[in-house]
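Report on the following structure.
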Amino acid sequence: MNRGVPFRHLLLVLQLALLPAATQGKKVVLGKKGDTVELTCTASQKKSIQFHWKNSNQTKILGNQGSFLTKGPSKLNDRVDSRRSLWDQGNFTLIIKNLKIEDSDTYICEVGDQKEEVQLLVFGLTANSDTHLLQGQSLTLTLESPPGSSPSVQCRSPRGKNIQGGKTLSVSQLELQDSGTWTCTVLQNQKKVEFKIDIVVLAFQKASSIVYKKEGEQVEFSFPLAFTVEKLTGSGELWWQAERASSSKSWITFDLKNKEVSVKRVTQDPKLQMGKKLPLHLTLPQALPQYAGSGNLTLALEAKTGKLHQEVNLVVMRATQLQKNLTCEVWGPTSPKLMLSLKLENKEAKVSKREKAVWVLNPEAGMWQCLLSDSGQVLLESNIKVLPTWSTPVQPMALIVLGGVAGLLLFIGLGIFFCVRCRHRRRQAQRMSQIKRLLSEKKTCQCPHRFQKTCSPI
């Protein structure tokens with residue numbers, strides 16, 4: 001019995017040694033699910049001779065009878081073919097169309113006294129549920145492979161990111177830059193096959209935007225999409241958080257159907273206007289400090305879980321002059337690195353601070369500029385003209401007092417004049433009345449120099 005053990009070991013070693021020789025010459029071909037593959041078989045004689053293709057179960061797939069193509073009873077019957085034009089050259093190909101994972105097998109070509117074996121491994125790579133995904137969602141790629149295989153997969157995204165894995169690859173938090181063609185390579189037995197998958201990330205072109213406006217100017221908000229779909233249906237809403245308000249509120253709601261926009265509800269203050277076609281476009285009639293703040297536009301697409309988001313910010317500037325103070329202010333979300341300045345035209349800045357309000361006391365006459373800038377780049381500018389003032393601050397008040405006194409004196413003088421004139425007329429009227437009475441009574445008046453001849457009674 002002890003002598004039998006070494007013999008069995010020797011037999012096993014011989015089998016292992018002979019195994020590579022039995023499989024020597026077997027070619028490995030990788031195919032893609034749904035594609036077409038050509039398995040080659042070349043005869044030593046460059047002429048048309050009889051050949052047969054069989055599977056590992058020795059079931060005939062196809063062959064020839066002279067110049068005619070014959071097919072066997074295999075499950076591939078309606079999906080196989082051969083290039084007859086190459087038979088005369090001793091090339092007898094097996095063409096398998098619309099490959100399936102279950103087509104993975106060892107195919108045997110018998111031509112003349114030759115026998116060739118080709119191992120076909122069919123792989124499939126598919127994306128989870130849909131290739132149209134919302135920004136921020138996860139992408140999962142699943143590899144279908146034949147039993148017994150142990151492939152590795154490496155994918156490269158459009159933005160150049162490499163992902164490696166086995167039969168499942170996952171990418172979380174998709175970004176807009178991930179939209180495009182993904183190239184995935186499957187490796188098996190030192191052979192490789194390449195897949196290309198088109199992924200569309202549904203998103204706005206910009207995650208956020210900021211609009212700078214002077215007080216009173218018209219404001220335009222635009223929300224262009226980063227993708228194109230023939231039939232786009234959904235609904236959206238713009239919520240706004242004003243800087244001066246304690247809570248946010250809905251400014252407008254709308255529906256989207258076949259790229260046409262219809263407004264469902266809009267606030268009266270402010271009363272936004274919305275374009276009727278894509279891209280989504282909103283108009284605010286006037287930029288006012290009470291509207292400065294941040295908004296969030298959401299778009300829910302039909303048959304999609306989740307929403308698209310775009311943040312929009314409004315910064316409003318106001319330049320005012322009140323008595324001796326020239327003020328420049330901004331409202332809305334601004335970066336701490338932004339600089340606010342007040343300067344006289346063509347001169348150096350009088351004041352420049354990283355704050356939301358600056359001012360100048362007793363400003364010189366001329367055109368003043370209120371500037372909001374970032375690293376020297378002017379983002380917003382508002383001009384205000386300061387008129388010349390009096391040399392001393394007392395004179396305007398003195399003129400007002402003097403004017404008031406002069407007006408009062410003139411009023412009193414006119415009153416006295418009219419009063420004296422009225423009194424004089426009344427006295428003159430009394431005298432005339434007295435003269436008439438005396439004349440009617442034939443009495444002399446009290447004026448002897450005029451009526452002395454008629455002073456005595458008749």
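Placed from the backbone N, Cα and C atoms, the Cβ positions cover glycine too.
In three-state terms derived from DSSP, CYS109 (disulfide bond) belongs to an extended strand segment. Sequence annotations record features per position, and here Swiss-Prot assigns disulfide bond to CYS41-CYS109 (among others).
The number of other Cβ atoms within 10 Å of the Cβ belonging to CYS184 (disulfide bond), over all protein chains shown, comes to 20. Taken from Swiss-Prot, the feature disulfide bond covers CYS155-CYS184 (among others).
Residues or ranges marked as disulfide bond in Swiss-Prot (evidence: sequence analysis): CYS328-CYS370 (among others). If you take the C-beta of CYS370 (disulfide bond) and look for same-chain residues 6 or more apart in sequence within under 8 angstroms, you find MET317, ALA319, CYS328, LEU340, SER341, LEU342, GLU381, SER382, ASN383, ILE384.
Under the heading domain 'Ig-like V-type', Swiss-Prot lists 26-125.
Per Swiss-Prot, the feature domain 'Ig-like C2-type 1' maps to 126-203.
What Swiss-Prot records for 204-317 is domain 'Ig-like C2-type 2'. In the domain 'Ig-like C2-type 2' (204-317), the DSSP tally of helix, strand and coil residues is 3 helix, 67 strand, 44 coil.
What Swiss-Prot lists as domain 'Ig-like C2-type 3' is 318-374.
Annotated N-linked glycosylation site per Swiss-Prot: ASN296 (among others), in sequence order. Note on ASN296 (N-linked glycosylation site): other Cβ atoms within 10 Å of its Cβ, all shown chains, come to 15.
The feature N-linked glycosylation site is assigned by Swiss-Prot to ASN325 (among others), with similarity to another entry given as support. Taken residue by residue with DSSP, ASN325 (N-linked glycosylation site) is part of a strand. ASN325 (N-linked glycosylation site) has a Cβ environment of 12 other Cβ atoms inside 10 Å.
Residues or ranges marked as signal peptide in Swiss-Prot (evidence: similarity to another entry): 1-25.
Look at Swiss-Prot and you will find 26-396 tagged as topological domain 'Extracellular', backed by sequence analysis.
The transmembrane segment feature in Swiss-Prot is assigned to 397-418.
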For the domain 'Ig-like C2-type 2' (204-317), the mean pLDDT of the predicted model: 93
Residues of the domain 'Ig-like C2-type 3' (318-374) by DSSP state, where helix covers H, G and I: 0 helix, 37 strand, 20 coil
ASN296 (N-linked glycosylation site) and CYS109 (disulfide bond), distance between Cα atoms, whole Å: 66
Among CYS155, CYS184, ASN296, ASN325, which are recorded as recorded positions, the nearest neighbour of CYS41 (disulfide bond) by Cα: CYS184
Spatial neighbour of ASN325 (N-linked glycosylation site) that is closest, considering only the recorded positions CYS155, CYS184, ASN296 and their CA atoms: ASN296
Of CYS41, CYS155 (the disulfide-bonded residues), the residue whose Cβ has the fewest other Cβ atoms within 10 Å: CYS155
